[in-house]
Amino acid sequence: MDEFASLASITDIIKPKGSAGVEREEHKLIGSSKSQGPATFEDAITATGFGKYNFLLLFCIIFPCAIQIAETTGISYILPIAECDLNLSLEDKGILNGVTFAGMILSGLFWGYLIDALGRKQIIVYGYLTTGFFSLIAACSSNKFLLIIAKFAAGVVLNGPFSASTAHIVEFHSSKYRGKINMIRGTITSFANLLLPVLAWLILPRKIDISVFGIFELRSWNVFMLITAFGPIISGCLYSFLPDSPKFLMSNGRNREALAVMKKIYAMNTGKPEETFPIKHLAEETIQNLASTKDLTLALKSGYAEMRTIFHLPHGKNLALVSLNAFSLVLSLNTIRLWLPGIFQSINDYQMNHNGSSSDMCTMLDFMNGAANVSSTGSCNVNLDNISVYVNTFMVAAARILAFFIAGMFVQMVGTKKLTILLCFFSSTLLFCIYFAKNALFVTILSAAGSAIGSVPEILLITMTLELFPTTLRTMALSVHLMAGRLGTLIGNVTFPYLVHLGCLPPFLFIGLFGFTCGMLSSLYPSIENKPLV
């Protein structure tokens, strides 16, 4: 019910003002396509309108967005709680924060060309069901080594369906809506970020000790992971009822199937019979006939040829730019995001040991080494009186939602490129200033504002990547973009604990510099405003 309320609250972002004007524009495009023969994808998808089917797609994308957050961020909430059960060092926490991303990096290019070869739907359905299987194994882990292996395996698989679902929803919309759809996807992701600390607060502070057949014991953090593991399974089942994207079908010479899909969209959006759909024929697009083959070997060979194409001019230059930019921004944002629960826990531990008083950031950060959990008898104890950890992370997530609502009003006014540059510079400055914070309140304010503002260009960069590449290379480009970002996340999270050992300044200088680099690289992008997909 909450998901529907969330979508209803952002309807105004997608719905253009002056529906009569939109209808005239659609009739103009339809009339133009009729007079010129077979319709292009843009003309045909515009003729389907915007309505119930599009909202169905938005409902379905809720689950991939939530899965992505739960699988990559959920681990950061359990680490302070599972520290004693799993005997975790600060370096172990860095590895666990980054190991899912390591799996994603390993499989990045493989999934990229396999999605373009075999279609979006197959990868989404089977990919998420497999992700759910490995997530269940991770949830039942009783030692850190099994947890690391299971999270790595889940990361290897997760990369595919997430990339496919992102391309899938974009390819159901015309150029008029693509930017806004991605902005809404970012908003949904922010809601998932908002709900995760609530779920963590409801489960993790509880003393749970359930013996399973005398083999292993389930603690609160195991239960938390079990609940989140059902997300991929639900998503795989939902997408089994949806078709492949019409843009993908057209690009692979399957115009008859694409037209049938568009007719169904039209009928659901308008309430009219499919036979009244004004487009009767679709234009033949350049065919790279990968999806038509059922032979995996041929698909992989064709995918290798696709990789050679994207890494050479004219696409290679753009690929290098988007990869470096994604690496820089995501390293900055995800390093601070995944370590925030631990930082807030260290602040909470400091206050518990100092009668509720705060100190400067550097002093409180010393409690991240786990010494606060060792009692005078040498036993390890976790401080479960830590509601402030979840309240603070909730506030950070809430700030992200506000940032997307505000950005939604300015993205067309300012432009995607200019807005990305401005927000990257602003975000990096705020995150670096956490170093100067003198109490927990300022840490919360700066981290909330910095990560919220930075999360907007993170989505805008994906939009620009999708616009820069043609359909046959789009998912491959997106996979490389995401792989570069995940490499940044892995390096950032593994490096962060070592920087903490060096002192207080290095970790926040590290985060700030990479965010600033994003702003400089974004200025090199070509203009892609309102251009049709190729």
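Backbone N, Cα and C define each Cβ position, glycine as well.
What TrEMBL says about this one:
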type	residues	note
DOMAIN	44-530	domain 'Major facilitator superfamily (MFS) profile'
TRANSMEM	55-82	transmembrane segment
TRANSMEM	94-114	transmembrane segment
TRANSMEM	123-139	transmembrane segment
TRANSMEM	145-170	transmembrane segment
TRANSMEM	182-203	transmembrane segment
TRANSMEM	223-242	transmembrane segment
TRANSMEM	387-407	transmembrane segment
TRANSMEM	419-437	transmembrane segment
TRANSMEM	443-466	transmembrane segment
TRANSMEM	478-499	transmembrane segment
TRANSMEM	505-525	transmembrane segment
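Most Cβ pairs under 8 A with the transmembrane segment (94-114) among the ranges 123-139, 145-170, 223-242, 387-407, 419-437 are made by 145-170.
In this chain, the transmembrane segment (478-499) lies apart from the transmembrane segment (387-407): fewer than three C-beta pairs between them fall below 8 angstroms, excluding pairs fewer than 6 positions apart. A contact links the transmembrane segment (55-82) to the transmembrane segment (223-242), because at least 3 Cβ pairs that are 6 or more residues apart lie under 8 A. Using a Cβ-Cβ cut-off under 8 Å and counting only residues 6 or more beyond its ends in the same chain, the transmembrane segment (145-170) has close neighbours at 57-58, 61, 64, 67-68, 71, 75, 86, 95-96, 99-104, 106-108, 111-112, 114-115, 120-121, 123-125, 127-128, 130-131, 134-135, 137-138, 178, 181-182, 185, 232, 235-236, 239, 242, 244-245, 248, 462, 466, 474-475, 478-479, 482-483, 486.
Contact between the transmembrane segment (182-203) and the transmembrane segment (419-437) does not hold: fewer than three of their C-beta pairs are under 8 Å, each pair 6 or more apart in sequence.
On the 0 to 100 pLDDT scale, the domain 'Major facilitator superfamily (MFS) profile' (44-530) averages 85 in this prediction.
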